[in-house]
Amino acid sequence: MERPRGAADGLLRWPLGLLLLLQLLPPAAVGQDRLDAPPPPAPPLLRWAGPVGVSWGLRAAAPGGPVPRAGRWRRGAPAEDQDCGRLPDFIAKLTNNTHQHVFDDLSGSVSLSWVGDSTGVILVLTTFQVPLVIVSFGQSKLYRSEDYGKNFKDITNLINNTFIRTEFGMAIGPENSGKVILTAEVSGGSRGGRVFRSSDFAKNFVQTDLPFHPLTQMMYSPQNSDYLLALSTENGLWVSKNFGEKWEEIHKAVCLAKWGPNNIIFFTTHVNGSCKADLGALELWRTSDLGKTFKTIGVKIYSFGLGGRFLFASVMADKDTTRRIHVSTDQGDTWSMAQLPSVGQEQFYSILAANDDMVFMHVDEPGDTGFGTIFTSDDRGIVYSKSLDRHLYTTTGGETDFTNVTSLRGVYITSTLSEDNSIQSMITFDQGGRWEHLQKPENSKCDATAKNKNECSLHIHASYSISQKLNVPMAPLSEPNAVGIVIAHGSVGDAISVMVPDVYISDDGGYSWAKMLEGPHYYTILDSGGIIVAIEHSNRPINVIKFSTDEGQCWQSYVFSQEPVYFTGLASEPGARSMNISIWGFTESFLTRQWVSYTIDFKDILERNCEENDYTTWLAHSTDPGDYKDGCILGYKEQFLRLRKSSVCQNGRDYVVAKQPSICPCSLEDFLCDFGYFRPENASECVEQPELKGHELEFCLYGKEEHLTTNGYRKIPGDRCQGGMNPAREVKDLKKKCTSNFLNPKKQNSKSSSVPIILAIVGLMLVTVVAGVLIVKKYVCGGRFLVHRYSVLQQHAEADGVEALDTASHAKSGYHDDSDEDLLE
């Protein structure tokens with residue numbers, strides 16, 4: 001990967017304990033767009049799709065606080081008045097449900113994946129590798145559990161004791177297909193690669209020799225797990241229709257490929273040299289029949305990706321080194337130019353989040369600044385409004401703290417870079433309409449970064465802090481079925497501090513916070529929020545876990561092992577419905593180290609199933625109970641049935657969040673600022689951008705030039721409000737034609753037939769006509785981005801798929817996207 005720019009180089013200065021971003025002098029690197037949106041949060045009734053796993057190296061945990069103390073205690077300022085009494089007989093109950101497994105294994109790393117949802121099947125792959133002068137020696141072991149990690153069986157013989165390539169991971173099939181693919185190491189002279197396939201939840205494996213050497217992990221079609229996609233080391237695109245038993249190369253010179261809806265495949269191809277050499281001159285193709293026929297849907301492509309129902313492409317502008325985002329909602333048959341600033345060679349785009357209603361887009365600022373601007377789209381993904389200035393995003397390949405709080409709709413948390421280079425956290429409760437600082441926790445004091453010791457706010461540590469090697473073991477955590485709960489490391493002051501953080505919890509989706517635990521911890525949520533488990537982050541061996549049955553108000557300590565272990569990971573089944581937690585680590589003696597896991601089942605702590613009177617009604621987003629609009633966000637309010645903190649009972653695996661929505665009348669809070677307007681900080685009204693005053697707002701929409709008359713507001717995509725305020729907004733057709741030529745697909749290709757000559761002649765005539773129109777209209781509509789004049793393109797260009805537009809990926813566990821820079825190297 002290319003060398004990160006600016007702040008991503010990791011050089012920091014720390015005056016007054018602030019986390020600051022240092023400006024660097026070396027020239028900036030070329031930007032890489034990141035156009036793949038992170039996958040949406042899981043639905044209330046989890047249907048896990050795709051590999052979800054954890055991977056740890058053989059190492060001790062990073063330095064942390066003291067060894068956890070035993071006993072019970074209460075955090076400050078609890079939300080309910082209660083004593084932290086000791087749970088009856090909890091030590092005996094947990095002791096009877098603690099299962100140790102010692103692995104007779106000296107491997108240097110462990111990878112863990114769940115196979116299916118609620119199946120109890122876990123695969124563990126250990127690897128040991130010693131690099132020699134020319135070749136490397138290694139071995140792998142594969143273990144399987146079918147009781148959530150309480151017991152493991154060595155099944156290495158099922159893969160013929162073959163060394164498995166860990167860079168490909170364990171490719172787990174979608175839904176509960178039970179499919180698993182492991183990619184094996186082969187000798188240098190082999191004609192192709194080798195995989196081991198299982199379709200029965202890893203009970204059996206079949207060895208398959210490939211006619212190619214894979215470059216990437218096998219990609220399952222979301223609609224049919226028998227359909228697989230793979231890129232070869234020679235840039236060939238290969239497809240299998242029978243779960244990898246047989247393969248067919250459907251195209252050569254492919255740079256990037258992705259599955260779209262309905263088994264559509266989108267891919268970019270180079271025509272002159274290589275993927276890197278042709279970056280910005282790639283072609284985007286689509287096949288809807290697994291490679292029988294093809295259609296070129298875009299040219300001059302820099303990168304592309306998928307998010308929600310949108311297909312995005314980063315496209316080079318004519319006679320320029322800038323590029324623009326184009327959007328399609330019909331798999332690339334027609335395209336529209338997004339009303340966003342163009343970016344130069346050293347900048348990037350990044351899709352932070354996308355769903356069927358809207359897109360969060362980060363646009364990098366010119367220069368080596370380490371920040372950019374967040375824009376939010378309309379429901380077409382075309383017209384964008386400025387949402388947040390100075391958004392921290394260090395570089396292509398760098399990190400952003402942008403976090404979707406999945407436990408409450410409309411809530412996102414991220415970081416901004418202040419003028420003094422300090423980093424501050426911001427939160428939005430209305431999907432980017434307004435951002436504000438996080439409230440100071442009631443049971444916390446302002447730290448040394450605060451100018452006023454009585455006025456400060458909470459600042460959240462996320463991906464950027466982790467990338468800078470601060471003492472932050474985990475990113476913020478929330479789960480869709482644990483309504484309102486958010487857990488995160490943070491500091492309380494005027495900006496993020498480099499001092500040792502504490503752990504904070506919110507039970508209302510981020511409106512209010514309380515210190516939950518002192519010092520850094522690992523944490524996870526079980527039983528849809530019924531239990532929270534934590535382990536202190538320490539460089540010493542540990543044997544104590546903490547758990548809470550009342551959303552972090554009171555904590556119990558449990559010694560899970562007489563012999564402390566070097567802790568490496570805390571694992572629970574994705575979806576937060578499980579009652580089991582696995583603690584992974586290793587023990588070491590003078591000459592040896594051994595992997596060990598402890599799986600603890602909390603089923604006897606929550607002995608009874610929850611009943612109706614264990615739940616209480618809770619109005620989400622409630623800030624002013626006396627106001628009839630209280631709780632109205634995005635046009636409606638929601639009342640939830642939530643577990644009482646005092647109830648010690650089990651929600652169960654089949655728990656479904658119960659909620660009752662009701663429509664609200666429209667108010668200013670239901671509107672974003674329209675194109676050309678913005679909301680000043682801490683203001684509710686939109687004001688016109690100074691540089692736009694007196695200018696006519698004209699744009700090109702689907703080939704027609706139109707005039708926009710607006711009072712500065714447009715409804716938030718997905719907002720359901722009815723009646724009430726309705727700011728005037730009118731789009732008038734000026735009866736003038738316009739076009740844009742950034743995307744210009746020239747041909748439709750088929751394996752079975754060539755394009756007739758007569759169609760080529762007709763196409764040439766059409767191109768000539770279009771070129772004439774473009775010359776006439778070049779400065780009227782389209783072309784380079786203007787602040788007060790914007791252009792929308794309709795052309796037969798690209799297909800659905802926006803992954804990895806310009807920026808770097810977030811996380812590497814299946815919840816974030818790959819970047820072009822990763823795939824082009």
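Using the three backbone atoms N, Cα and C, a Cβ is placed for every residue, glycine included.
These features come from Swiss-Prot:
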type	residues	note
CARBOHYD	ASN96	N-linked glycosylation site
CARBOHYD	ASN160	N-linked glycosylation site
CARBOHYD	ASN272	N-linked glycosylation site
CARBOHYD	ASN404	N-linked glycosylation site
CARBOHYD	ASN580	N-linked glycosylation site
CARBOHYD	ASN682	N-linked glycosylation site
MOD_RES	SER809	phosphoserine
MOD_RES	SER813	phosphoserine
MOD_RES	SER819	phosphoserine
REGION	48-59	region 'Intrachain binding of the propeptide and the extracellular domain'
REPEAT	143-154	repeat 'BNR 1'
REPEAT	285-296	repeat 'BNR 4'
REPEAT	546-557	repeat 'BNR 9'
SIGNAL	1-31	signal peptide
TOPO_DOM	74-754	topological domain 'Extracellular'
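Positions of the features from Swiss-Prot, shown on the structure.
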{"residue": "ASN96", "record": "N-linked glycosylation site", "Cβ contacts under 8 Å, 6 or more apart": "ASP604"}
{"residue": "ASN160", "record": "N-linked glycosylation site", "Cβ contacts under 8 Å, 6 or more apart": "GLN207"}
{"residue": "ASN272", "record": "N-linked glycosylation site", "Cβ contacts under 8 Å, 6 or more apart": "ASP278, ALA281"}
{"residue": "ASN580", "record": "N-linked glycosylation site", "Cβ contacts under 8 Å, 6 or more apart": "TYR148, GLY149, LYS150, LEU526, SER572, GLU573, THR599, ILE600, ASP601, PHE602"}
{"residue": "ASN682", "record": "N-linked glycosylation site", "Cβ contacts under 8 Å, 6 or more apart": "GLU436"}
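Around ASN404 (N-linked glycosylation site), taking its Cβ as the centre, 21 other Cβ atoms fall within 10 Å, counting all chains.
Following the DSSP three-state reduction, the secondary structure of ASN96 (N-linked glycosylation site) is coil.
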